[in-house]
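Colleague: As annotated in TrEMBL:
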type: TRANSMEM; residues: A:12-34; note: transmembrane segment
type: DOMAIN; residues: A:114-304; note: domain 'ABC transmembrane type-1'
type: TRANSMEM; residues: A:118-139; note: transmembrane segment
type: TRANSMEM; residues: A:151-171; note: transmembrane segment
type: TRANSMEM; residues: A:183-205; note: transmembrane segment
type: TRANSMEM; residues: A:226-251; note: transmembrane segment
type: TRANSMEM; residues: A:283-304; note: transmembrane segment
Amino acid sequence: MAAVQTRSERALNRIAIAAVLVITLIFLAPIYWITATAFKPRNLATTIPPTVLFEPEISPFVKLFTKRSQLREAPAPEEYAAAPWWERMVFDGGEKIVRSGRGEVQPSGYPNRFMNSLIVAITSTVLAVGMGTFTAYGFSRFRVKGEADLLFFILSTRMLPPVVVAIPMFLMYRVVGLNDTHWGLIILYTAFNLSFSVWLMKGFIDEIPKEYEEAALVDGYTRMQAFFKIVIPEAATGIAATAVFCFITAWNEYAFALIMTNRRAQTAPPFIPSQVGSGLPDWTVIAAGTFLFLLPVAIFTFLLRNHLLRGMSFGAIRK
Amino acid sequence: MTQIELRGIQKYFGAVQVIKDLNLAIADNEFIVLLGQSGCGKTTTLRAVAGLETIDEGDILIDGQPVQHIKASDRDIAMVFQSFSLYPHMTVYENIAFPLRATRMGRNDVDTSVREIAGVLRITGLLARKPSALSGGDMQRVAIGRALVRRPKAMLMDEPIGALDAKLREEMRAEIKRLHIKQGSTTIYVTHDQVEAMSLADRIVIMHEGILQQVGSPDEVYSHPANMFVAQFVGSPVMNMAQAIVSETGGHASVQVGGQAKGFEFPAALANRLSDARAENGKLTLGVRPEGVLISRQAREGFMPVEAHIIEPLGSHDIVDLKVGDQMIRARTKSGFVPGAGEAVWARIDPVQAHFFNTATGSSLGIRL
Ligand SMILES: Nc1ncnc2c1ncn2[C@@H]1O[C@H](COP(=O)(O)OP(=O)(O)OP(=O)(O)O)[C@@H](O)[C@H]1O
Ligand SMILES: [Mg+2]
């Protein structure tokens, strides 16, 4: 768009751009801070004033993924020489990597929690968006008795804050044996996201003219085929947006994860802060964990950016 | 070879009856135009035939088989929607190929069929485009192509050119006619534009508030309208309608209009014919199209003096509003025939072009002079 602008409009435009830049910087600052800390040597992490220029290293990540213990005395020179470069970094920090009797490196709790987060967030997103799309299609295209009441009811599941339902849920889960299981969290997050997904998808599907499907019906397709061949591609933008929101919610969820899981199915959000509390916190390790934790959402959103930016389906229907 | 028959169709939306006892038989290869005002149930009728709408009563028969319980996808009927409904995420090629992909047709055959129909419709150059990059006329061609490509039993078109501008509409009208002659398929075409209906139809079906008013060739519905609604709906400018009193004076019949003592002169046979039709005087409506109102600048035998009230010059001809008592009657004249408003002229009604209706029921008395 290159519409004609007056001089004052152009000046206003510049001011607006400057303001947007400043706001963007403010929003990016914490992300920069976490990222920078994740690559700092431990002694620079908590300096005052903060260290801005430093030589980045990856020791925080090595520490993040391994189980370590404090060194009481410096390692023997031959042990130090035999160690691979990444193990030396840990030695340099005054710690040593715990190995099993057969010499295998023991992993920290982080990789497991990260995997748990991925499993729970991806599965619950797929379920919530999939079921939400079907439900929304039903509400959008068929006359449903008490549609308004049902939709309100669906949304109402979202109105109670997690803290209120967490304890009863915990007790119920204990009875059915879903505590500290992946499925337990998946069901919880799916239920939680479903209301949101139904509402959002209904809005998107309402925007798709019925006539597209009707054209497919007279063209010889069943309603199910029309749904998959016409509605789903037309709703791609909505599905992408809904998926991003559901994924972010499930990925970041803290309260339920803290109460419902402790080891087997624990996700990253309750794990990362739990590390702060044990002994003297190593902020670089925590920052490294947080940094990695930010990546999936960033990557997912980046992959779907075209869908998110593209407006709603554009005019092959003349109105 | 496809005949379509509608028998006693009734359709309700909630408590509102939208189609009232519709009966219609459509012959193979016939081009039927459903004509009627907005909201009269044309689209609903079409959708019922396509299988997109259920009916509450009656039968829809395709080639003698009742289809009202058969799904749209199994009726083998194609439809062009008012809004075209091209799938936006598919190219023109994919759009046209879409109905073929629902069948078991092989890749090469699909390609051949798509290219053939694209050639007929002159859109071969557009096959790679997305619908959003097409003009209105091109979208319409693609929509027709998608409907025709699998050689359906019947074509249904819902105001397919209603959204185009006037010039393009005229062009596409001719094109649709050409295609119908070339491809020949049973077609039901919906429009509210009577010019479109007249120019395209083998037979026109006129509907009003869900009730079928008349079925006939364009000439039939124009020259022999079955009732006052059809008479006024078909033809432009609309037919003049006036309450009339018929009496017999001195060897000819006199038709008084607009409360005037002097009436238009008609052949004496009119009175007998009227009594045959058992029409009571005073409840009779005279209808005459503007071209049936003859005008003279001088007093003439059988002509009645009237006043020219308003003149609308339309280029090829003028429409002159004549004041007859308290009634306005519009006449069609050569351009500039009546030089100005207020002019005294003499008028007569061509008995051959006059229609008589029962005012109470609105139906034609079927009197031809
Ligand atoms: N799904 C529906 N629910 C309720 N009423 C409907 C529905 N579809 C149509 N109607 C009503 O039925 C009547 C006939 O509608 P229809 O669409 O058949 O008219 P139409 O002759 O095609 O008019 P137009 O020229 O405006 O397209 C209208 O009064 C309309 O309001
Ligand atoms: Mg319509």
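Yeah, the Cβs are placed from backbone N, Cα and C, and that goes for glycine too.
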Colleague: With pairs restricted to those 6 or more apart in sequence, evaluate whether the transmembrane segment (A:12-34) and the transmembrane segment (A:283-304) have 3+ C-beta pairs under 8 Å.
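Modeller: They are in contact.
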Colleague: Count the CB pairs under 8 A between the transmembrane segment (A:283-304) and each of A:118-139, A:151-171, A:183-205, A:226-251, then give me the winner.
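Modeller: Comparing A:118-139, A:151-171, A:183-205, A:226-251 against the transmembrane segment (A:283-304), the winner is A:226-251.
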Colleague: Which stretch from A:151-171, A:183-205, A:226-251 shares the most C-beta pairs under 8 Å with the transmembrane segment (A:118-139)?
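Modeller: Result: A:183-205.
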Colleague: Would you mind listing the long-range same-chain contacts of the transmembrane segment (A:183-205), meaning Cβ under 8 Å and 6+ residues beyond its ends?
Modeller: 119-121, 123-125, 127-129, 131-133, 135-137, 139-141, 151, 154-158, 162, 169, 173, 231, 235, 237-239, 241-242, 245-246, 249-250, 253, 256-257, 260-261, 265, 267, 312
Colleague: Counting only residues 6 or more past its boundaries, what in the same chain has a CB within less than 8 Å of a CB in the transmembrane segment (A:226-251)?
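Modeller: Residues packing against the transmembrane segment (A:226-251) from afar: 117, 120-122, 124-125, 128-129, 132-133, 137, 189, 192-193, 196-197, 200-201, 203-205, 208, 212-213, 216-217, 296-297, 300-301, 304, 307-308, 310-313.
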Colleague: Could you pull out which residues elsewhere in the chain have a CB under 8 Å from any CB of the transmembrane segment (A:151-171), counting only those six or more residues past its ends?
Modeller: 135, 139, 179, 188, 191-192, 194-196, 198-199, 202, 253, 255-256, 259-260
